[in-house]
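**Student:** This structure is in structure tokens; I'll ask about it shortly.
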Amino acid sequence: MTLQPLTPVNCASLLQPGFSLLQLDGELLLFGQKGWPKRSCPTGVFSIRLKQSMMKLRAISFSNDSCYLPPLRCPAVCRLDPYDGFPESYLIHGGRTPNNELSSSLYLLTVDSRGCNRKLTLCCKEKELVGEVPGGRYGHTMSMVRSHGKTACVLFGGRSYMPEGERTTETWNSVVDCPPQVFLFDLEFGCSSAHTLPELSSGQSFHLALAREDCVYFLGGHSLTTDSRPPQLFRLRVELLQGSPLLSCEYLDSGMSISSSIITRMGPEHRYIILGGYKSDSQKQMACSTVIIDEKGIQFEQLEPPKWTADIMHSRTWFGGSAGEGSILLGVPTEGRPSQPDIHYFYYVNFRTEAEGKEEDIAPGCSQESTDYENSTPLEDSEELYFGREPHELEDSSDGEADTYNEEDEEDESQTGYWIKCCLGCQVDPNTWEPYYSTELHRPAMIFCSRGEEGHWVHAQCMELSETLLLRLSQGNKKYFCLDHGGLPYQEMTPPRQVMPLKRTPMKVKERKMPLMFKMSPSKKSFFRRLFD
């Protein structure tokens, strides 16, 4: 067991609380980075390279027939091992978008191809569900169960915004626990069904879900209703019968009071290691545990934790994900230290022995990454400068800057991005924003100020615009000057310059039938007559 500090190379700001780590075709992929991807990385999925205590990112391209996959925070991620001729893949459901909207989409992520230059290409498809479809949520779990030769996906828990009918001005952005329903997905036909069990009486989120054959174990979690982390453990059994599925739930008394933990799988057997998490809002879970699932049930064993550093011990929060078999990528905030340029420290925790560490092929881990780190910084745009690798730039041949993410190449957030401070007295906070106009649905209304260098966006609420004036500005072709530029509410566009039409003179005829006639006075006529005579 080792704890190794990592040095991120121009990519520290991309790894934020709520990200997910995936393992496909031997690659460790980062999904759910800090903001909307842009030109050179339209997918928002990066490959993580760990070499000599350095961590670098490289963009992963998607196939042309892939759908857009937004960078989701705290989604439910479930790994599908190869079965019935289907390749290894991942299911991704829900999560928060960079605009703090909750997604209800279900995505299937698979490997499309790997070129001769070792460049990985992924394929993302959105799967449509019919029936009782779960709404948008985050902090929930998905697991795969197999019974009677069939396969299904189990979804449980999570948080969502309050229903629109129950929202008020004070509770517009408040989140609540989702109802304690179990959703069952049939991936072959896209059917979804909701099931209510009496044992699951309260909602929970940021819990752990461990599956083996037809059983799923729900461990720990946080409840917003009671603001507690009860030491609960449920075993859900799913029988996929010919007609309708049969679900039964059992409460076990060997649970743990924990939430937002990181779990990694140890080998092909159902043996896992739990690290991190929280006992309460102000107390982290510093101990580690080994979980073994067999035919008899589930067993817990205490495991000696790594030798934590002072930064980890004194930090209030931490986050991370499974980086492969028996390994975890861990991040802790720097707590605003001015001497540290990065906002997070990163560590690589390895639970494998020396004999196991010599193996090159790392089996993908089973992980459910989540965090209670709710008040994260506003999400920004990110850019990656990788376009491709030459054949001589293979896996370990070159680590130049040309194929890695460069944080210095990002544009200034004060000039780009949606959540910007429009003026000196801007009071709009994206995390606590409340609707001001009846036309606003998911984000504050903004008006483009055309004064200054290339203009900038300003919040209409900060400019104290009435709704009628806002509608008039959005419909007409107007120029708007914000208060920082000394402008009035709006000014008319400069009328287009009227260009006088050119006067077209007719072209002279080349051949004239009439002789040329010159107008001369009688005196001139007599002069020319005497001259030629």
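Backbone N, Cα and C atoms are what each Cβ position is placed from, and that goes for glycine too.
This is the feature table in TrEMBL:
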- 359-413: region 'Disordered' (REGION)
- 367-379: compositional bias 'Polar residues' (COMPBIAS)
- 386-395: compositional bias 'Basic and acidic residues' (COMPBIAS)
- 396-413: compositional bias 'Acidic residues' (COMPBIAS)
- CYS422, CYS426, CYS449, HIS456, HIS459, CYS462, CYS482, HIS485: Zn(2+) binding site (BINDING)
**Student:** Hey, which of the binding-site residues CYS426, CYS449, CYS462 is the loneliest by Cβ count within 10 Å?
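**Tutor:** Minimum Cβ neighbour count within 10 Å, taken over the binding-site residues CYS426, CYS449, CYS462, occurs at CYS426.
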**Student:** Sort out for me which one of HIS459, HIS485 has the most neighbouring CB atoms within 10 A, since those are the binding-site residues we care about.
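**Tutor:** Output for this query is HIS459.
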**Student:** Please give me the CB contact count at 10 A for CYS482 (Zn(2+) binding site), counting all chains in the structure.
**Tutor:** 24
